[in-house]
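*Asks:* Take this structure, written in structure tokens, and hold onto it; I'll ask about it next.
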Amino acid sequence: MTDEALANPCNWRVRGKVAKDITVVITICELVHTCPSHLHSWRASATAKWLANVLGNQVINNPSISVTQLQDVFRNEYGRHTSYKAMWKGKEAIMDHIQGSESSSFQCIPAFCDTLKVLDPGAYAELETYPGTRHFWRIFVCPTALGRAFPHLRPHIGLDACHSKNHKFLGQVLLATAMDGNNHVNYLAYAVVDKENEENWTWFLLLLRRAVVGIGAVGVQFVSDRCKGIVNAVKEIFPGQSHTHCTAHLERNVKQRFGNKMVDMFKFNALKRSKYKEVLQAITATSAECAQYVGNIDPKTYTAYAVPLPRFGHTTSNLVEVANSCVLPLRAYAPFKLCYQLYLYLMELKARRQKEAAEMQGLFTPYASDVLRKHEEFAGSYRVRMASANQTLVQSNMKDFIVGTFPTVSCTCLSYMDMVIPCPYVLAVEKESRRNSDRLMGRMWTVDAYVAAHRLTLPPISTLQLKLDAYCLPPPVAMKKGRRHIRRIPGPGECSQTATASSRQATRDYTDAVDTPVDDNMTNMEGVIQEPPLKKSKLCSHCRGSGHNKRTCPTRQVSVPPETIDPTLGEIPSQRSGYADFTETQNITEPPLFSSQEVTAIIRPLKDASEGSQGTNNPGEAVEGPFQGRSSV
């Protein structure tokens, strides 16, 4: 076998043969190129199969890596360029080797749901197909360890959806999370659906209410954004429950619509626990549109003064955004692989939390103990003044707060009611009264609650035990035919909605035709009368005017080439400019007497005669002939 360079004069050649022991023996090796570099540097000899073997570890470690990134890795390691198509096929081969065929993986979903229900009694694993078909629609998963942990967590649930990044089977991952006493995110349930809409959110929350213990109790709050049917779904499944909106999403909307100045006022309006009406009046005085937008949002869904407490300091949906970032590497898989890998991630997470809970000592979790210790340090510097048996005034260098002790402990700073951890002012009163403040801590901050939340774990499930079931088939993938539509000027007889890229040339011919009559009553394909499309005007690149170009611009001064200038006759325009340019340089407004060819025929003999003479004619003198009576340049 021989490999030669593309260029014939090049001497680069490598020749070898296969020996009997299946080894390759190189017989000729000329490695010096004499051809241009562009003939041998661009060609990519790597095939998709070879790329799959070489870059397999890169895709296994990071399934969401893009094809362009793989091309950069290959170029850095091997110094060669490979085509995008070959690299894309190589990645597809790797993904098929890792998770098998994406289409056949849907047949494992029924067996996964049945196995989870057998190994974990009490778990919810619901699979639904499109009505009347066997094509996959959505799946809901809530193991028992997740559903029974909620009574020991903070009663504050985050809801959100994130996109699946699989190029073939697109979808959405719905998540429900809550925080434990050590400030860790805990998953309650997850689902893989085709898209985020009100129907899927209603289905998800209905199963969530059945699977999660204590989720319908009084005092449970939900936090999410305000998009795609989630608000109506929460109202339908959890009527009467508090549902707050993420202030970060609201701030982003205000910034995009009304600018940075209104964002600062909106933050003050959302985060301050007083002066809501005063701030709203200031927003009205600055921007009436912004005041109308903010006024249409219920204050009980985002403002600190109106949201029911405890809120545990969550003004945004970060408790579920953190969960989205954790599953980010898994979102490139197909629906079943994503669902299974997320299950394995939660299984390992629960095992780590259970081990951490067994090693905890003391009465409260490390997070709650640190917060309580910081509050006690501030409480020692405050001055306590008893006002009555039930109220106490606590004075600091900056502000004064009133602490109530009956019937329940409260503080005008609202920090204790929000976090259920004694604030510095409550601790100052408790210290003055010589009472133990541990009784005021919420139960979710105790070590016992943390241990109970992570007492159960997820049973291991192996994909080798799952049997393929033809009951579940891949979802139908709607592929768009043809090229995508491009926005352009519509042609005659069509509107912008019916214009396609295939009629681009007809539109160009129509708009370029100056003398084409335009009918005022043109109709489109549906028979609807449309206004005639306007001809796109072309501007002069010299004066930016319309109706002419740079060559025919009236304000442009024409420069005369040196070879057309005669010392005896003065400046004479070139043949290209014609007699019109000659008259412009002389500021003559009368119509031209001769054409450019006639002027050339007259000037050339005069020029030859002047070269043969002694040069007696001076510039400025009259010249005999057709130009007699005209002054030269």
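For all residues, glycine too, the Cβ spot is worked out from N, Cα and C.
Straight from TrEMBL, here's the annotation block:
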DOMAIN    157-252  domain 'MULE transposase'
REGION    488-509  region 'Disordered'
COMPBIAS  495-505  compositional bias 'Polar residues'
COMPBIAS  540-553  compositional bias 'Basic residues'
REGION    540-576  region 'Disordered'
REGION    593-633  region 'Disordered'
*Asks:* What residues in the same chain, six or more past the boundaries of the compositional bias 'Basic residues' (540-553), come closer than 8 Å to it by Cβ-Cβ distance?
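*Replies:* Counting only partners 6 or more residues beyond its ends, the compositional bias 'Basic residues' (540-553) has no Cβ contacts under 8 Å, so none.
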*Asks:* Go ahead and report the DSSP secondary structure tallies for the compositional bias 'Basic residues' (540-553): helix first, then strand, then coil.
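*Replies:* Secondary-structure composition of the compositional bias 'Basic residues' (540-553): 0 helix, 1 strand, 13 coil.
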*Asks:* With DSSP, how much of the domain 'MULE transposase' (157-252) is helix, how much strand and how much coil, in residues?
*Replies:* 28 helix, 32 strand, 36 coil
